[in-house]
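Peer 1: Next up is a structure, given as structure tokens.
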Amino acid sequence: MNKQSTQKLPHVTTRRLHDMKSEGEKISMLTAYDYTTARILDRAGVDVILVGDSASNVFAGHNTTLPITIDQMIYHARAVVRGVQAETSRAMVVIDMPFMSYQLSSEEALRNAGKIMKENECDAVKIEGGNVIVDTVKRITDVGIPVMGHLGLIPQSIYKFGSYKVRAREEQEAEELLRDAKLLEEAGAFALVLEKIPADLAAEVTASISIPTIGIGAGGACDGQVLVINDMLGLSTEFHPRFVRRYAELDRVIFDAVSRYVDDVRGGTFPGEDESY
């Protein structure tokens, strides 16, 4: 792909992701919360852009993902979708359903999933949890809304588990996770995020289901990988877990640029003749 091209390309669909799994082609996924970042990600060839409820952390500064609302998620999603449409329109856009937007009942979940899909032009929603949300996933997918599942470490349940440690190290929890993955596939989920679980378990799950797995801290055997954009760009200097590979150190780059700007303004060298009319 020409990284600088804005030529419209075939849009990534659920069928395309399934084909990528069957053909052994890895799936790339990153988060985005704004128009500008979404344009860059789509132009760079990212397959799936996740409008993550991690916006609660990295965009709004909360300690958890719980505070963000459905209307705030839709606000971010609209910006991301416009960014993708302004470039190649290739990337699939998936939106996290935030905390308490799907837990009350399947009907409430369907209503909120429909609201998300109707109020922007996204491609799918993502829901956290295992067997307790299987009926909800089926209810939503039965009306034609694609659902991506999420197993392992599920950040919306952080207060239940008490930490962000690796999940499913014990045999019982590993067996439950494998069973939940199969149940979610049967319920109609088109893909699963596997977060912070042992690599060998992720490999077993990936081999046991026909839908793609997207790993984050789950080893290299998953069908794809996802990271939070702020983490992989080095914008979150206080957060550097083992599973994150930093591809840039933008905190330092931005700090240096802003410092030079401040110095130029204070020193009277900006604006100069070239920046004046």
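These residue numbers are counts, starting from 1, taken along the chain as shown.
Any Cβ shown, glycine's included, is placed from N, Cα and C.
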Peer 1: Suppose a student reads Swiss-Prot and sees Asp53, Ser54, Lys126 listed for 3-methyl-2-oxobutanoate. Which of Asp19, Asp96, Asp180, Asp200 should they find annotated at that same site?
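Peer 2: Matched candidate out of Asp19, Asp96, Asp180, Asp200, per Swiss-Prot for 3-methyl-2-oxobutanoate with Asp53, Ser54, Lys126: Asp96.
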Peer 1: Inside 8 A of the center formed by the CB atoms of Asp53, Ser54, Asp96, Lys126, which other residues of the chain have their CB, for the recorded 3-methyl-2-oxobutanoate site?
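Peer 2: So the extra residues in range turn out to be Thr31, Leu50, Val51, Gly52, Ala55, Thr65, Met73, Ile95, Met97, Pro98.
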Peer 1: Can you count the other CB atoms that lie within 10 A of the CB of Lys126 (3-methyl-2-oxobutanoate binding site)?
Peer 2: 22
